[in-house]
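Novice: The structure that follows is given in the form of structure tokens.
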Amino acid sequence: MRVLGIETSCDETGIAVYDDKLGLLSHALYSQVKLHADYGGVVPELASRDHVRKIVPLIRQALKNANTDIADIDGIAYTKGPGLIGALLVGACVGRSLAFAWNKPAIGVHHMEGHLLAPMLEEDAPEFPFVALLVSGGHSMLVKVDGIGLYAVLGESVDDAAGEAFDKTAKLMGLDYPGGPRLAKLAAKGEPAGYQFPRPMTDRPGLDFSFSGLKTFTANTIAAEPDDEQTRANIARAFEEAVVDTLAIKCRRALKQTGYNRLVIAGGVSANTRLRETLAEMMTSIGGRVYYPRGEFCTDNGAMIAFAGLQRLKAGQQEDLAVKGQPRWPLDTLPPLA
């Protein structure tokens, strides 16, 4: 089976062609980072309009690079949610329209299920069951995964997600958009010594996350310290260490609670080098393994949507002709494969 995947949940237009026998045949990605940089964040209306401009040329490019024509496509998968409703509807409209015109089945994919399954695109893919840490600009959650669609959310962010905290803290430090990667780059030059940043919600039972207080603590520290490059780097490092330690502590608890020894990390923040190092060390110390997608598939992309959609289309799941987008969509409401 060969599936065309379409991702337009936020500020990246991602298109891919995935074959269940040959693997990933092509993927094309357009990022709107430059478009939104002047505003310090994603402007939903601008994002939607840019998806409209880019999506059809990218589909043509992906099909050409995959040496695939319409007759070779067996189904279409598009991101249905969660995300920005205008951006979601662009992908949903195009995906449903192509499915109708080409007489192909189509399915709306959960964006976070795409991230969760992204490590399956790698040669050394994890086997079920495992615990997944999904960390991005909009989500931070720990999920017990027993199979595709067999999800139990163990904990999630009650306010700011980890990626959102990175971006907002970077803005406080005067760093350009997108802030998360720039803060991590600055942190690599710093030393956390001398700062005692809190590890939020680790002093109590449970697996939920909260990063808004840590952001406020960082803002107060910035205001109280000298405004020089090394001090800013040290504060960035202390902030990063606090976030990473918090995520690691919660992951260890989730693994102990489930009895699993495989950990998947996915989402934009999973590209963070310090997070990867810390979780790799932790899993080695407890005799487990950690899995994550390659860097280009940590952020939003069409490949993960094509892969996730293919699994459900193969199981006979598809949707009607209605164009739907779901800005909010709990992951654990998804049905299992038939």
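Every residue gets a Cβ built from N, Cα and C, even glycine.
Taken from Swiss-Prot, the feature Fe cation binding site covers HIS111, HIS115, ASP300, and the record attributes it to sequence analysis. Annotation comment: Swiss-Prot describes LEU134, VAL135, SER136, GLY137, GLY138, ASP167, GLY180, ASN272 as substrate binding site.
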Novice: Do me a favour and check the Cα-Cα span between ASP300 (Fe cation binding site) and GLY180 (substrate binding site); whole Å is fine.
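Specialist: That comes out at 15 Å between the alpha carbons.
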Novice: Taking the Cβ of ASP300 (Fe cation binding site) as centre, how many other Cβ atoms lie within 10 Å?
Specialist: 26
Novice: Would you kindly give the Cα-Cα distance separating SER136 (substrate binding site) and HIS111 (Fe cation binding site), rounded to the nearest Å?
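Specialist: The separation of the Cα atoms works out to 11 Å.
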Novice: Rounded to a whole angstrom, what is the C-alpha distance between GLY180 (substrate binding site) and HIS115 (Fe cation binding site)?
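Specialist: Here the two Cα atoms are 18 Å apart.
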Novice: For the binding-site residues LEU134, VAL135, work out the Cβ neighbour count at 10 Å and name the residue with the minimum.
Specialist: LEU134
Novice: I need the most crowded of these binding-site residues: HIS111, SER136. Count other C-beta atoms within 10 angstroms of each C-beta and give me the top one.
Specialist: HIS111
Novice: Using the Cβ centroid of HIS111, HIS115, ASP300 as the reference point for the Fe cation site, which residues of the same chain not in that list have Cβ within 8 Å?
Specialist: GLU7, SER9, THR79, MET112, GLY114, SER136, GLY267, ASN301, MET304, ILE305
Novice: Of LEU134, GLY137, GLY138, ASP167, ASN272, which binding-site residues come within 10 Å of HIS115 (Fe cation binding site), going by C-alpha to C-alpha distance?
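Specialist: Near HIS115 (Fe cation binding site) by Cα: LEU134.
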Novice: Restricting to the record's substrate-binding residues (LEU134, VAL135, SER136, GLY137, GLY138, ASP167, GLY180, ASN272), give me the longest CA-CA distance in Å as a whole number.
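Specialist: The two farthest binding residues have Cα atoms 17 Å apart.
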Novice: With DSSP assignments reduced to helix, strand and coil, which class does HIS115 (Fe cation binding site) get?
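Specialist: Looking at the DSSP assignment, HIS115 (Fe cation binding site) belongs to a helix.
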Novice: In the structure shown, with every protein chain counted, which of the binding-site residues HIS115, GLY138, ASP167, GLY180, ASN272 has the densest set of Cβ atoms within 10 angstroms of its Cβ?
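Specialist: Per the Cβ count, the most surrounded site is HIS115.
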